[in-house]
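Colleague: If you scroll down you'll find the structure; I have some questions about it.
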């Protein structure tokens with residue numbers, strides 16, 4: 001037996017349907033959207049009328065050709081009218097779509113209330129309809145994919161900032177911009193006087209007085225643009241995080257956990273910019289008692305690089321978690337051990353990359369340019385030359401290079417052991433691919449490091465070696481993501 005709603009409910013449906021289909025009512029509902037178009041049409045008519053009268057008066061007094069600016073103004077006005085009309089059409093379509101959605105939801109609610117008034121469940125042609133509450137959800141799969149791709153792009157931009165910062169350090173360009181302004185410095189010098197003024201500011205600091213006292217203006221422009229590119233790229237990274245985050249938040253595409261992650265990432269980006277200037281400031285300070293080459297503090301450099309690596313890892317991990325479907329792996333003892341082994345190996349890779357900041361900050365790559373021995377010895381004599389002993393691990397170039405060698409060899413050894421241990425465990429194809437990629441990138445990275453050392457740290461090779469550390473860290477994160485525990 002087919003059940004129908006009451007007469008009042010049917011009349012409500014007919015009224016809402018007729019109202020929705022009536023073009024006059026629809027036009028009345030969207031009249032507020034068309035008011036700007038009507039106003040612009042009126043302004044355009046008045047503009048053409050006044051322009052015609054003006055042209056007639058001018059031709060009466062003097063024989064002149066009509067100006068091109070009149071046509072330009074007409075074209076601009078017509079373009080604005082077209083854009084506003086298109087916007088009105090799109091907004092009107094969205095309004096009608098929302099009205100249709102609300103009408104459909106009201107119909108569904110009215111039918112459901114009618115059935116519930118007859119009982120907890122009603123049968124229509126042999127079909128049982130349980131009482132439920134109408135809810136509208138945004139498709140999680142689609143929005144997660146969009147947010148994941150955004151975070152993947154952001155992590156790539158962070159990687160670009162790290163690589164560009166490494167090249168800036170290798171070319172000794174980091175101290176060329178001696179002040180920091182969030183907006184003012186976005187416009188580079190354009191005239192010769194502006195460049196001379198910028199060069200004179202640089203000449204007042206220790207790097208020019210001690211190291212670059214014979215530098216020309218053309219050479220200064222090169223190092224200035226290197227630092228300028230790094231700073232502008234950092235600002236672009238900040239905008240790439242903050243602006244889409246605000247948009248996704250307002251659209252409701254972020255889950256509660258992802259909201260906390262996004263807030264942390266945006267805050268970390270701002271902190272990273274301030275930390276970068278704090279690092280540069282250490283290289284601009286006057287040190288009368290020091291005869292060393294002016295350079296930034298290796299501690300601040302390591303903090304700047306470490307925070308960038310944390311930002312990169314957090315963004316990449318969040319992106320992979322949203323984009324890659326999670327495997328359902330049997331929680332065996334060997335799998336748990338493999339997962340812990342992978343986490344420890346990733347931590348070792350991160351520590352090795354961080355130790356590279358001390359190598360770059362102290363120019364430790366130019367101390368012993370031989371491998372596998374350091375000079376004529378496996379362990380050099382000056383490895384503990386500083387006192388107290390702990391300072392050697394952070395301020396002695398020999399010890400810093402020795403530590404970086406040990407960490408690099410330990411990382412590739414751990415990755416090799418991880419690869420052979422994983423062969424005993426049945427893993428999904430993607431996890432096996434991540435393991436193989438991690439092993440290949442590890443040996444490539446060690447080879448690049450040895451070549452950089454033997455060839456006395458050429459800039460292209462050293463920059464490739466620094467980029468390889470990001471690639472190796474990415475492979476380790478990918479493997480960890482493939483082996484992550486399934487949440488119940």
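Every residue, even glycine, has its Cβ placed from backbone N, Cα and C.
In case it's useful when we look at the structure, here is the feature table from TrEMBL:
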TRANSMEM  33-50  transmembrane segment
TRANSMEM  150-170  transmembrane segment
TRANSMEM  232-249  transmembrane segment
TRANSMEM  261-280  transmembrane segment
TRANSMEM  300-324  transmembrane segment
TRANSMEM  345-368  transmembrane segment
TRANSMEM  404-421  transmembrane segment
TRANSMEM  433-457  transmembrane segment
TRANSMEM  463-480  transmembrane segment
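Describe each of these features in terms of where it is and what it packs against.
Modeller: Remote same-chain residues near the transmembrane segment (150-170) are listed as 226-227, 229-230, 233-234, 236-237, 240-241, 244, 248, 265, 301, 304-305, 308-309, 311-312, 315-316, 318-320, 322-323, 360, 457, 459, 462-463, 466-467, 470 (criterion: CB distance under 8 Å, separation of at least six residues from the stretch ends).
If one looks beyond the transmembrane segment (345-368) by at least 6 residues along the same chain, the residues whose Cβ comes under 8 Å of a Cβ in the stretch are 166, 169-170, 293, 295-298, 301-302, 304-306, 309, 313, 374-375, 380, 394-395, 397-398, 400-401, 403-404, 407-408, 410-411, 414-415, 418, 452-453, 456-457, 462, 466, 469-470, 472-473, 476-477, 479-480.
Residues 170, 365-366, 368-371, 408-409, 411-412, 415-416, 418-419, 422, 427, 464-465, 468-469, 471-472, 475-476, 478-479, 482 of the same chain lie 6+ residues outside the transmembrane segment (433-457) yet bring a C-beta within less than 8 angstroms of a C-beta in it.
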Colleague: Let me spell it out: take the transmembrane segment (261-280), skip the flanking residues so only those 6+ beyond its ends count, and list any with a Cβ under 8 Å from a Cβ in it.
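Modeller: Contacts of the transmembrane segment (261-280) (Cβ under 8 Å, skipping residues fewer than 6 from its ends): 154, 174-175, 177, 180, 231, 234-235, 237-238, 241-242, 245, 248-249, 254, 296-297, 300-301, 303-304, 307-308, 310-311, 314-315, 318.
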